[in-house]
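Swiss-Prot has this to say about the protein:
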BINDING   Cys27  Zn(2+) binding site
DISULFID  Cys27-Cys98  disulfide bond
DISULFID  Cys29-Cys127  disulfide bond
DISULFID  Cys39-Cys152  disulfide bond
DISULFID  Cys154-Cys201  disulfide bond
DISULFID  Cys159-Cys164  disulfide bond
DISULFID  Cys172-Cys193  disulfide bond
DOMAIN    27-152  domain 'NTR'
REGION    27-30  region 'Involved in metalloproteinase-binding'
SIGNAL    1-26  signal peptide
SITE      Asn40  site 'Involved in metalloproteinase-binding'
SITE      Ile61  site 'Involved in metalloproteinase-binding'
SITE      Lys67  site 'Involved in metalloproteinase-binding'
Amino acid sequence: MGAAARSLRLALGLLLLASLVRPADACSCSPVHPQQAFCNADVVIRAKAVSEKEVDSGNDIYGNPIKRIQYEIKQIKMFKGPDKDIEFIYTAPSSAVCGVSLDVGGKKEYLIAGKAEGDGKMHITLCDFIVPWDTLSITQKKSLNHRYQMGCECKITRCPMIPCYISSPDECLWMDWVTEKSINGHQAKFFACIKRSDGSCAWYRGAAPPKQEFLDIEDP
């Protein structure tokens, strides 16, 4: 085999290796119910993005500067988080590394869940729950005040295909993907998984607070 042929095979091999490695570097997230996103987050706020700019956030292990996008925000309401209002949100500079793009100018309101960084700052990724406020159902908006918190000790298990089962009484089976082929179905929009007095968990529908009779039921 000639040198040119060997070089061509080597180049093709490197291209194949690159194509196999690249997906591992892309942003990949597992779907979560809005209640799970609320419970997993350090901070959950309703806010508008006022401005954005690229900033340095230290250096990597090779000494290269780490770039992040800084959003200056106007917080409208905090549903979960520190006593101090959030003033700045940080994210990666590209969606390929899970960076989030927000509309700036202060017109579009978002529900934003993410990780606290202290001193009025938080960090968000595409794996966090960030949606336009006006896309939330009335039930979701009301559940942010208290109901989601009532079920943070429960486990929401996503059903990817039938059959699927719960393995313990403190689980709620999330069926939206099976029934509607969507992760933003009826259970996401209108239900919360609530812990009851016997320690079990069950789906509760509606915007009104759960009645004592629901909390006291022993069998889901």
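Using N, Cα and C of the backbone, Cβ positions are placed for all residues, glycine too.
Overlay of Swiss-Prot feature records on the structure.
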| residue | record | Cβ contacts under 8 Å, 6 or more apart |
| --- | --- | --- |
| Cys39 | disulfide bond | Tyr148, Gln149, Gly151, Cys152 |
| Lys67 | site 'Involved in metalloproteinase-binding' | Glu54, Val55, Asp56, Ser57, Pro93 |
| Cys98 | disulfide bond | Cys27, Cys29, Thr91, Ala92, Thr125, Leu126, Cys127 |
| Cys154 | disulfide bond | Asp170, Glu171, Cys172, Cys193, Ile194, Lys195, Cys201 |
| Cys159 | disulfide bond | Leu173, Trp174, Met175, Trp177, Val178 |
| Cys164 | disulfide bond | Thr157, Leu173, Val178 |
Can you check what DSSP calls Cys27 (Zn(2+) binding site), collapsed to helix, strand or coil? coil
For Asn40 (site 'Involved in metalloproteinase-binding') and Ile61 (site 'Involved in metalloproteinase-binding'), determine the Cα separation and express it in whole Å. 29
Give the mean pLDDT for the domain 'NTR' (27-152) on the 0 to 100 scale. 94
Run through the Cβ atoms and count how many others sit within 10 Å of the one on Cys152 (disulfide bond). 14
Taking the Cβ of each of the recorded positions and counting other Cβ atoms inside 10 Å, which one has the highest number: Cys29, Ile61, Cys193? Cys193
Across all the protein chains here, work out how many other Cβ atoms are within 10 Å of the Cβ of Cys127 (disulfide bond). 17
Could you tally the C-beta atoms, other than its own, that fall within 10 angstroms of the C-beta of Cys201 (disulfide bond)? 23
Highest Cβ count within 10 Å among the recorded positions Cys27, Cys172: which residue is it? Cys172
